[in-house]
Amino acid sequence: MGVTLSRAIQWSSDGEKLENSSLNNDILTEILLFTEEFDDRYPEEAKIQFSEPLQWKTSLEASDFTSDIYDTRGELAVSLECGDKGHPLLQLSPPDITVHSFYHLSNLLQLGKDKKMKEVWACLEVNREPMKNIFGPISPTIHEDRLFNILRQLDEKLLSIAVRPITGEGRLSPAAVDTEVDLLKRFCGTGENRVLKTVRYTSDYVFSNGCRSPPWRQMDGEICSLIIETCDTEPTLFITCNTSGVFLDESVKRANFGRQFEHTQFESKVIPVHVEVYKDIITLLKNKSAHFAAAADEQDSAIQDVPSAKKIVHVETVDVEETGQTLKSYDHEEKNVPEKARQQLVRNKPGGRKKKLEPSLKWKNLGLTSSYDEAEEKARRSRESKKMLEHGTKSPASENKKKAIISGSSLPGCQSSQKIRSPGGADDFSESSSEDEEDEEQSERRAEIPTDLPSEYWQIQKLVKYLKGANQTATVIVLCALRDFNLVQETCQLAIRDVGGLEVLINLLDTDDIRCKIGSLKILKEISCNSQIRQTIADLGGLQTMVSILDSPDKELKCLAAETIANVAKFRRARRTVRQHGGIKRLVELLDCVPDGASLSGERERDAEVARCGALALWSCSKSTRNKESIRRAGGIPLLARLLKSSQKNMLIPVVGTLQECASEKSYRIAIQTEGMIEDLVKNLSCDNQELQMHCASAIFKCAEDKHTRDLVRQYDGLKPLVMLLNEAENKQLLAATTGAIWKCSISLENVA
């Protein structure tokens with residue numbers, strides 16, 4: 001957010017407001033998505049306090065701050081968490097708001113809902129250099145160094161967005177440079193008749209816009225840099241290609257020219273005033289190498305026709321969808337075509353569909369296909385191969401018929417950009433270690449519907465259509481009919497989704513009829529095991545409604561809502577939604593029952609089932625670091641400790657599962673020790689359920705960081721059952737958890753014996 005905001009963001013003519021342009025929208029959308037998920041991705045860095053707070057005029061009100069980490073009094077809202085100097089880390093006094101950390105900045109955007117883009121816009125209009133607010137005028141400290149690197153990765157990504165429209169009318173383009181370089185390589189060799197010795201790029205990495213220079217240099221129009229060895233010039237020619245032309249870079253030394261692209265500093269290399277600029281590479285070589293100029297005159301017909309920046313008129317139309325490029329790239333490339341040619345292209349377009357301009361086949365026939373196109377083709381084939389391996393090998397004929405799936409953000413105005421590797425080799429915005437496992441659902445993929453669909457698919461679609469216009473009695477009957485189908489089958493699940501059944505089922509949760517709610521939840525519980533269904537339920541706001549149902553006096557409704565939440569909350573966004581709408585506190589309240597042995601009856605049995613379902617939902621939610629803390633603050637630890645005394649396996653599995661997830665936090669490890677849960681974990685190592693044994697061993701593995709815990713495991717005779725579990729060689733998960741627990745316990749010499 002440093003270089004990009006100062007150089008790429010577009011301001012109004014008076015310089016006071018951000019201009020409402022597509023480039024600004026793309027940059028601000030990327031900042032919004034990054035900031036909104038910052039606290040989940042980087043929980044430790046999110047707590048670092050800014051050197052100076054971010055302040056702006058907000059459209060939010062105190063009523064928007066519904067989270068339990070804020071205290072609202074009338075029109076004012078403050079965070080319960082205070083900074084080093086005793087001031088709240090977020091303070092709202094309409095219309096002014098002050099934020100001191102990414103933790104509260106992220107929360108603010110999540111609570112802002114439809115106002116969040118407006119908030120980002122207002123914040124950046126006032127805080128034009130947010131990096132100075134975050135780190136102050138001096139360099140970041142060692143403690144802040146990782147945060148600095150994370151923000152630098154964001155800045156590189158913003159730069160890659162900002163440099164997309166690299167070409168313009170009458171300017172040199174990456175395609176023209178590639179064509180020229182490919183042609184020049186044909187004249188390289190080792191024989192006596194060679195024209196050039198070598199022609200090579202300084203960087204093999206090609207950005208999505210065809211450039212090879214780092215993004216911060218592309219901001220100045222730089223396309224790439226070349227090293228060309230001629231037969232009669234010394235030293236080697238170091239050439240830089242810019243949209244304004246080609247020039248000889250005499251300031252660069254042989255030793256560091258190839259390494260300059262590895263630098264991570266945001267340096268820029270503009271065209272020096274005193275340097276002579278040429279229209280293309282061949283013109284420059286003719287002026288610098290007499291040998292090349294003589295050879296060029298002899299082969300004039302082969303070289304003189306190279307399409308330079310001012311003479312790219314040989315174009316053909318190629319379908320945009322076929323090449324996988326965005327329509328924006330077409331808009332910029334078409335500017336290079338003379339008006340007459342452009343009109344001819346428009347007349348040739350069927351139905352007015354936009355076409356992308358490509359070099360004519362005349363150049364392809366000469367073998368001058370650019371290396372960029374070849375790299376793109378290889379990448380495309382690699383992606384197709386991976387898809388075939390993931391979804392099962394299909395015949396070439398069916399693959400040819402398959403339509404391209406456009407992946408990316410579902411937010412309007414957000415465009416997916418090519419991922420840039422960070423200097424350390426990690427991908428942009430990499431996950432935090434605690435969030436790696438199963439955190440992010442893949443982008444929704446519309447499965448290809450086969451032509452031979454079973455009859456159940458069409459029967460379900462008919463029932464869902466009846467459901468849309470039925471009265472209460474008919475609705476209950478249709479819901480019962482739907483439950484007669486095998487809803488675990490993917491075909492049946494997708495049949496409900498494809499005809500709009502999920503919207504209907506979620507709407508039924510808002511009705512006053514208990515039977516409709518129960519029928520709808522029973523279906524949603526079954527079909528939410530599908531990852532696509534989970535994501536759609538979250539998109540439609542189903543989680544918010546289910547969280548509110550947890551307050552219902554009807555215990556069956558509570559159970560169904562909690563079980564469905566457990567299924568849906570398998571990815572980060574869903575877990576965050578549950579937390580933001582008070583779901584963690586409500587789920588913890590469901591745990592409040594007294595299990596008194598293996599046999600329960602009547603009301604207590606129903607209470608135990610409610611607690612079991614609540615534990616299932618908390619187990620799913622506990623994969624998020626923030627949710628672990630929310631469970632602890634809501635008083636979940638003593639309730640989990642009480643449920644751990646139960647003898648019912650179906651109760652113990654989600655309870656121990658939740659504890660072993662939370663045991664990665666030090667506060668939980670201390671609580672598990674002080675609440676006497678180690679004895680219960682050791683006791684359940686000897687049960688006859690391997691899944692329960694695995695979770696107990698995993699919990700012991702995490703808790704045995706502390707010497708007192710290791711001693712307790714030995715005192716409660718936990719070492720023997722752990723060693724016995726090593727015989728279960730077929731169950732790899734159980735074996736891994738057991739091995740980890742023994743390894744940690746063996747840190748104490750008393751346990752080794």
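From the backbone N, Cα and C atoms, a Cβ is placed for every residue, glycine too.
What TrEMBL says about a protein is an automatic prediction, not a curated fact.
Annotated region 'Disordered' per TrEMBL: 323-360 (among others), in sequence order.
The feature compositional bias 'Basic and acidic residues' is assigned by TrEMBL to 329-342.
As annotated by TrEMBL, region 'Disordered' applies to 372-451 (among others).
Residues or ranges marked as compositional bias 'Polar residues' in TrEMBL: 407-420.
Here the repeat 'ARM' (541-583) returns a mean pLDDT of 92 for the predicted model. Per TrEMBL, the feature repeat 'ARM' maps to 541-583.
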In the same chain, which residue numbers or ranges, 6 or more beyond the ends of the repeat 'ARM' (541-583), come under 8 angstroms Cβ to Cβ?
37, 40, 66-68, 110-111, 435, 438-441, 502, 506, 509-510, 514, 517-518, 521-522, 524-525, 528-529, 531, 534-535, 589-590, 606-607, 609-610, 613-614, 616-617, 619-621, 623-624, 626-627, 630
Mind checking how the repeat 'ARM' (541-583) divides into helix, strand and coil residues in DSSP?
32 helix, 0 strand, 11 coil
